[in-house]
Amino acid sequence: MQEIFNFGFFIISPLFWLGLLHTQYKYRQRVKRERHLYESAINPKNSEMRTFFIAMIVLGIVGSLCSLAVGVEVSYTWIVFYELLAVVALFLPGTTLPFLALFLPMIIVQLFGDKFYTLSFIGKKHMVLQNPLPEGIDFLALLTILLFLQYLFIKFNRKSVNSPVIGKNIRGNRVATYLFDKVSVVPLVLLVPGDLFETTSPFWPVFKIFGVKLSILIVPFLIGLNFRFIGEQPAKIMQRLANAIGWLALASLGITIDAFFWKSPLFEVLAIGCLAVVYCLIMYHFRKVDRKDQNQVEEALDGVRVLAVKPQTPASKMKLEIGDLIQVVNGIHVTDEQSLYRALQTSPTFCRLKIKNRRGDLELKESSIFAGGPHEIGIVTFPSDEK
């Protein structure tokens, strides 16, 4: 019973359940928007929930192995503080909020940790919430692990930016922007010094390592990204963003090693603050890079622009990409959605496309068409009537 309660802390955490509800809401919101704009969902499957659970399991295992290998210790005060901020960050837009919810309580606890008082609850059983303060090097080690997990999360989801939103540029032409908004709640196994509760009721397993009383706690951590891409190359920017965060994780590892030898609380606080600033600058830089991209996915007059490619369709087999311009279908020039589908119906089992890719090169694509859907090859285009 003790072990079940101990390891069930993650499941009973409000952050886990709110993260789950947030993910389901984002899925329903995406499908509703796509059906309104394009009459059908680009990917009707709940890819958001799939990402949530895959990241939770895989990254949770990887992160927990790292945290146990290092022996990361945090305080109960910091856990409560972080969980509250993470819940708030979950419902606020912004690219940096999930990690700011991580940095802020670390700095506050390091600077003012001795000001936090032990909390007592008097009832049928006397319980005292202990508050032994962690060392800054534990925070730095935890930051390194979570930056590495964020790197993996973005890297393996870089090609899933496939939900266009229609807008207009300064010239009044219709353009597509792409929203990546996925999160996961990752469980990490951490060591917490002291008893969680001093009570006559033995609900919390406690053991000793080298004479220090410790509890094992599975703590939920929020990772993810909210980013609206204006340029036509979201996958490339996601890859570069992931690489930048990966390098930051390596830098954090080096700083953690330095902190181990320096043994300076001031150095640890400054290091955490610097990592927070650099993370925000990375996000700002790539947002600026995306805004400066002159090659937007814009509606064209000399062809049909590909806004998105549905998975497991002829278009995906032909490796059509966001921004490709379809100019000729089965020998017929096309200029809009209706002419595209009329040209496809001239050959109900096979299609030949002449496209201009994002580099301006002409390419020929061929594929068979699914039975029962001669007009559907799996691409999303600008709707004929603006909605």
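In case you wondered, yes, glycine gets a Cβ from its N, Cα and C as well.
Remember, predicted model here, so these are calculated numbers, not experimental data.
Database features (TrEMBL):
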TRANSMEM  6-25  transmembrane segment
TRANSMEM  52-70  transmembrane segment
TRANSMEM  137-154  transmembrane segment
TRANSMEM  175-194  transmembrane segment
TRANSMEM  206-229  transmembrane segment
TRANSMEM  241-261  transmembrane segment
TRANSMEM  267-286  transmembrane segment
DOMAIN    306-349  domain 'PDZ'
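Counting same-chain residues at least six beyond the ends of the transmembrane segment (6-25), those with a Cβ under 8 angstroms from any Cβ of the stretch are 46, 48-49, 52, 83, 86-87, 90-91, 182-185, 187, 204-205, 215-220, 222. Sequence-remote contacts of a segment are chain residues at least 6 beyond its ends whose Cβ falls under 8 Å from one of its Cβ atoms, and for the transmembrane segment (52-70) they are 19-20, 23, 141-142, 145-146, 148-149, 152-153, 182-190, 218, 221, 223. Sequence-distant contacts of the transmembrane segment (241-261), counting only residues of its own chain at least 6 positions beyond either end whose CB sits under 8 Å from a CB of the stretch, comprise 136-137, 140-141, 143-144, 147-148, 150-151, 154-155, 158, 227, 267-268, 271, 275, 278-279, 282-283, 285-286. For the domain 'PDZ' (306-349), the mean pLDDT of the prediction comes to 86. Packing against the domain 'PDZ' (306-349) from elsewhere in the chain are residues 42-43, 162-164, 176, 178, 232-234, 295, 297, 300, 355-358, 365-370, 374-384: each is 6 or more residues past its ends and has a CB under 8 Å from a CB in it. Within the same chain, residues 10, 13, 15-16, 19-20, 22-23, 26, 48, 51-53, 55-56, 59-60, 63-64, 67-68, 71-76, 79, 90, 98, 130-132, 134, 142, 145, 149, 153, 157, 160-169, 212-230, 234, 238, 296-299, 305, 307, 322, 382 sit at least 6 positions outside the transmembrane segment (175-194) and bring their C-beta atoms closer than 8 Å to a C-beta of that stretch. Long-range neighbours of the transmembrane segment (137-154) within the same chain, counting only residues 6 or more positions beyond its ends whose Cβ lies under 8 Å from a Cβ of the stretch, are 55, 59, 62-63, 66-67, 70, 72-74, 99, 102-103, 106, 110, 184, 186, 188, 190, 221, 223-225, 238, 241-243, 245-246, 248-249, 252-253, 255-256, 259-260, 268, 271-272, 275, 279.
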